[in-house]
């Protein structure tokens, strides 16, 4: 299981980094999502991998429990990454509609920095 | 517990949603509430600063949970100083935004600003590494909104880059925190410090990985050389009053480095001992160099100031990288100086931009040239570190602190040559903008008026007839710089005490973990 888990984190991260290095906004946003998936899985693993163990102490029976803190951290991280993905999608859409182009890098032009009257 | 301690986080957190929900359609009420909130923040941080000045470390346990289990806010001298700096800068920015009508050019300026303040102030106060991440996200998500405030193609494109880059940084932050958690089993900073100290010496490979990733995260925020690319495009294309507020955001990165590397990965931790000095110092020197060269090469006033900010970050990080109490005291003094100077210059750049466009070429003279020119020159003198202003004192302190270091000649050479190049760059730009514009032979055709693309914009706010408030804000920041110069002695006493407190982390740890009572 450790091998599967580690390779999943590794592949997600590698694919995410690859996509982030692309030139258009859509792959970059996808890459960011993959990267956050990778991070979230990684955070799970920081509390040691355990199967069939609840993240709470049980006072009635001697059962093993897994570290609850990483689960709380992952929950926070998921919410934040969702919000951030929504924000970046909105800004990228705005930039695309405004510039008629979804290149991630800015075209060097001679007009000055813009429509910022 | 002292409930005033959490007020800097709670107050903007209440004002911001209130502004969105109740005052959405009342710009003047928004302004009043925003201004009142910032003034109240300044008062609160003044009181907190006075409380922290005697060297006690105050701890606020949220929900009354004891330290390693619950989240804590911690107020020590360093936090108090940064809080005060933030609220002071915020007051100037709010005054400027109101006076110049920037807050009318898009929606929710004041709400976003309050959220951003909440994030920054929280990041300075928190004593928990994961909480630091959360406050980072709060301040970043507000900064995304502020960055594209007012709209425009170029700004949106720069905004996409800025957001993507910062999201990458956030992912890296999570990786770093996960690694640290897997090694130590805690994320409370004081508890981390204890556990890191107890770690067996041959079992620290993962810890080093985590420490380096954390350093990278803070380096991204602080715009250290190989990771600085986001800054010029973002700051130059952001609304310039917002960029002035962002001047404190790079300091959040510097604060993170200072906090984590004095408390958790202190000088006595063998595993990470050489990290700061060996890696950060060359990067900081290169940052300073590239900032100075960028100032010389900038063709647009926003970029000019952005590169100036990078150069001053370089100086600041050199001082941090020297990693002695004396150098840290110098770094803190320089932090205050460079935040005020960068804030002032961004505001002045906006004054220029509003009146004649941002290009550094000779154009027709603009209104109030004399006043703006003097502000620009004073700001440039401060930023470049020429006497008589505080930049000079700060650079002198940094260079004095470098005296015993192996690379002292390199450090001195880079700082001095960097200052020279910076002053040449600013002088060239200032001549072109303010003096050549009076020489008729240089005047080029003025650019056509760029139409306002935001229907929300209110015409009377866009063309303020007698805008005194922007100048009040600029002179306020200038007064801060002058005060910093005049009271350099008492200020240095304070930063020395702060550095001493930072390099004796037991005070902090005892206060947070309540070890003294056990």
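Each residue, glycine too, has its Cβ placed from N, Cα and C.
Remember, it's a predicted structure, so these values are computed and weren't measured experimentally.
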TrEMBL annotation (transmembrane segment) - matching range among B:109-126, B:433-450: B:109-126
Stretch in B:6-23, B:78-97, B:109-126, B:304-325 most in contact with the transmembrane segment (B:205-231), if contact is a CB pair under 8 A: B:304-325
Two-stretch contact, the transmembrane segment (B:407-427) and the transmembrane segment (B:468-488), at least three Cβ pairs under 8 Å: no
Segment-segment contact (the transmembrane segment (B:6-23); the transmembrane segment (B:109-126)) at 3 or more Cβ pairs under 8 Å: yes
For the transmembrane segment (B:365-387): best-contacting stretch of B:32-53, B:78-97, B:279-297, B:468-488, by Cβ pairs under 8 Å: B:468-488
Dominant neighbour of the transmembrane segment (B:109-126) in B:78-97, B:162-185, B:279-297, B:331-353, B:468-488, by Cβ pairs under 8 Å: B:78-97
